[in-house]
């Protein structure tokens, strides 16, 4: 499943090369936010690679490198020299991984094209041999997507393949004269540097599309924990070669047509959160929590509810020790998938403060959600900014004061069949306020 277009058909190496750098980089957004975004991208890339979905993995690795190029030119760069140097070390590792993956990605795309051409030839031959008829010709269309959610969402699909080293993407091969801070390696040949993190080429053993076949997954029992397909362990000499992991299908898209990967939300999360923050709610103080989880087979699973250190009023709340939060997330290899907060006495909506807060979450991860709990009204809602209209409105907003209106519709409720699905699954609550 291609995360760029939400389809099974892969893009070419050249196509994804041009798209890897095609994202908005707003210098008005604090550099610390972009650096955190880079960490999110890197984590996702390595999940895809570990699941043998090399095309999505290499796309994200290249976007990780592209983002580094832009971060160097951010107005706050001078204040983040150490962080940028650490980022550069990550880029070196990413480039080495790209070089190892490149031949596999190219071969997979070539195999896909050969299979597609063969199928097209068969269709033409079939149409040619058919008898003339006054009836309308048969239309070859895909089966309609099932509207009802089911674990048929999970199917084995050949990994979409790309080629990221196109002539148009050689901007990453800039010389050290263009980038005075760093000696950026060339992408045209295998790197000659020593990486801090050794990478075994056995991780990228070639996987033939012809070796893949559909496998029916075990059904998901709502009364049991989420079950993931296990990744095969293999070495260079292992037989048979590893097959691609199952992939959760895309069911929702942004207003701009970009695919949104599904987020699986524990049904008990809202109730658990209200129970944890009840003391603050009684004092008419807002409380927020961070929704953390894992990326598995092209879908996100919320596994942790983290309550960070924070300060709050009746109308606002904000974290005060982000370093501890990030340390916990990195230690457990968790992604930030959104946030949840209360409106103790108000109704369920997104205030202007909420919109600006959520903007940073959604820039970091397009699928990120905001859950608002209004206990006094016994209501709740799951929201996201409209993309691109609402997101750009908030990014460009320079209105003074915490509370101010925004023109037009800025956000929407994530309604079925949106990209959020509630399921019976375990949830771990971590309260960082407790020492």
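Every residue, even glycine, has its Cβ placed from backbone N, Cα and C.
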**Request:** For the Zn(2+) 1 site that Swiss-Prot lists with 341, 343, give the additional residue from the candidates 330, 354.
**Result:** 354
**Fill in**
Among 162-185, 186-209, 210-233, 234-257, Swiss-Prot lists region 'Disordered' at 162-185
**Prompt:** Can you tell which of the binding-site residues 341, 354, 356, 404 lies nearest to residue 286 (site 'Indirect zinc-binding') in space, using Cα positions?
**Reply:** 341
**pLDDT averaged over every residue in the domain 'MPN' (262-392)** = 97
**Asked** Since the record lists 341, 343, 404 as binding-site residues, which of them has the fewest other Cβ atoms within 10 Å of its Cβ?
**Response** 404
